[in-house]
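J.: I am attaching a structure below and will ask some questions about it afterwards.
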Amino acid sequence: MIEVRSLTYRVGDADILKGVDLELPEGGITALIGPNGAGKSTLLHSIAGLNRPAAGTVRIGTLDPFAASGPARARTVALLQQTPVAVSRLRVRELVAFGRWPHHRGRVTSRDEDIVDEALAAFALTDLAGRQVETLSGGQRQRAFIAMTWAQDTPWMLLDEPLNALDPRHARDLMARLHRLSRETGRSVVIVLHDINAAAGWSDRIVAMKDGRVFAHDTSTALLRPDTLAAVFDTPFDVLEHKGRPVVVAR
Amino acid sequence: MARVVFAAVLAGLILVSLGLGAASLAEDGAWLLMVSRFPRTAAALLAGAGLALAGVVVQQAVQNRLVEPSLTGTPEAAMLGMLAVTLIAPGLSVAGKMLVAAASALAGMAGFLALAERVPRQDPMLLPIVGLIYGAILGAVATWAAWYTDLMQYLGIWRLGEFSGVMQGRYEWLWVVAGLAVLLYAVADRITILGLGEAQARSLGLDFRQTRGLGLVIVSVLTALVLVTVGAFPFVGLVAPNLVSRWRGDNLRANLPLIAGLGGTLVLAADVIGRLVGHPFEIPAATVFAVFGAGVFLWLLHAAPGRSHG
């Protein structure tokens, strides 16, 4: 379980996070939604131990990501940032293999090799393994970075807007893959999404943030109501139902 | 195949370099080889390797392929340190002078890093330009200091890299490059991870700042070593890593030896060409290399992103 208590993060005089309290149970996909500047990305970085907060605590199980050693933290939680360095001339397999680094720290075992192969297969990259990341399309490149994060083999995987710059087919494909993989492996995924319908379609629960705080936290169906969404985004929405799932339409 | 060609070219250059000079090897050949020709050849290879390695480490540390130590103010800072030593403690041992040069190179590098963190990343050309200006400012200070203290000659020697003065007993510090190369190879994975950027590196559990600090200390020492023993060679740190990156990619565990080898080969080639063109007179290797390096730099700026050969 992830427990966030009274988390405050400050840049200069601006409070980006204003006392966030949040409990996320293990398993499934949690979507983090909210308007630009709500603090979603900052919260994700704080949970991953990369942003040291001004106040408050984070626990991932028993691990304190700010006190833990780098490798211990990196074996518990993996973060993929929003815009990974795009110009890498690493080959896809080399990139994905770096996900194993917190485990082997330079001494690669055959188990590491196997996990890299599995991650390549899980994200349909086996045929691209020898290609340089730089030469891939946007969708393939995003898959390669997510496969690296997957190969890190952590109980918690945090993805910051992974659907950015993906066309509908690749976005759907990625969400379906993550949904299936998290079911199969029991690993927990926290994912920042701007597409509310991607959250509606694939996530088990949604955390809506606004203005540096958690505004609402519930199952997808319970949270996606016109009044809640209107209050989070300050804009009117209709929520329809399609094949038993909510579909959100900006009015 | 490419590797065989590369090895053959390198071997050929070494033979030419050993055989080339005003004096004939027929008389006292062994002595001549030991005192002059071998030291000169080794110095060119070591200096080139050191500069190429320094280049790739800086590039990974700031995630920008278009920088190298001479575009970070580091050599100018080292010159300032050497000027200070020459004025204040001229009797200091060579080791002491080397240490001062490395320390001031590191201070110069730290200044560059502070600038780099404030430069927007969208346009990769911006950082080398900022570094160029920063280096020019430090260089101007060095020129001013040297002018007032009548040390312009020293500055001239440091600024123009060449190997005609290399003899047994006057280049051995460059062997430290070989030691640092081994150290870099041991941390090659970490340096590659630096190139993925700070957030990604830290998410993989790497202590980003500590690793970058270690890398930049090595860069400063490499830059100071080469500058003090044979002078400055712009472009080597840019050209060798970029050519290898285009050819073989960015995995330093696999490519560091190649980068070092190419840097050494290119500088040795520049020295051999400089000795052949106006024989028996010599053109400084740095001048020869600058012609080639500037051309490659222009090509790097304009060339489309390379396609891979899977």
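Placement of Cβ uses the backbone N, Cα and C atoms for every residue, glycine included.
Whatever TrEMBL says is automated annotation, not expert-curated.
As annotated in TrEMBL:
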type: TRANSMEM; residues: B:42-62; note: transmembrane segment
type: TRANSMEM; residues: B:74-92; note: transmembrane segment
type: TRANSMEM; residues: B:98-116; note: transmembrane segment
type: TRANSMEM; residues: B:125-147; note: transmembrane segment
type: TRANSMEM; residues: B:173-193; note: transmembrane segment
type: TRANSMEM; residues: B:214-236; note: transmembrane segment
type: TRANSMEM; residues: B:256-273; note: transmembrane segment
type: TRANSMEM; residues: B:285-304; note: transmembrane segment
J.: Per the 3+ Cβ pairs under 8 Å rule, pairs at least 6 apart in sequence, do the transmembrane segment (B:125-147) and the transmembrane segment (B:214-236) touch?
T.: no
J.: By a Cβ-Cβ criterion of under 8 Å, what residues six or more beyond either terminus of the transmembrane segment (B:214-236) are in contact with it?
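T.: Tertiary neighbours of the transmembrane segment (B:214-236) are 43, 47-48, 50-55, 57-58, 60-61, 68-70, 74-75, 78-79, 81-82, 97-98, 101-106, 108-110, 113, 157-163, 166, 170-171, 173-174, 176-177, 180, 183-184, 187, 191, 194, 263, 266-267, 284-286, 289-290, 292-294, 296-297.
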J.: Below 8 angstroms Cβ to Cβ, which residues of this chain, lying six or more residues outside the transmembrane segment (B:74-92), approach it?
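T.: Long-range Cβ neighbours of the transmembrane segment (B:74-92): 100-105, 107-109, 111-112, 135, 138-139, 141-142, 145-146, 149, 151, 154-155, 158-159, 219-220, 223-224, 227-228, 232.
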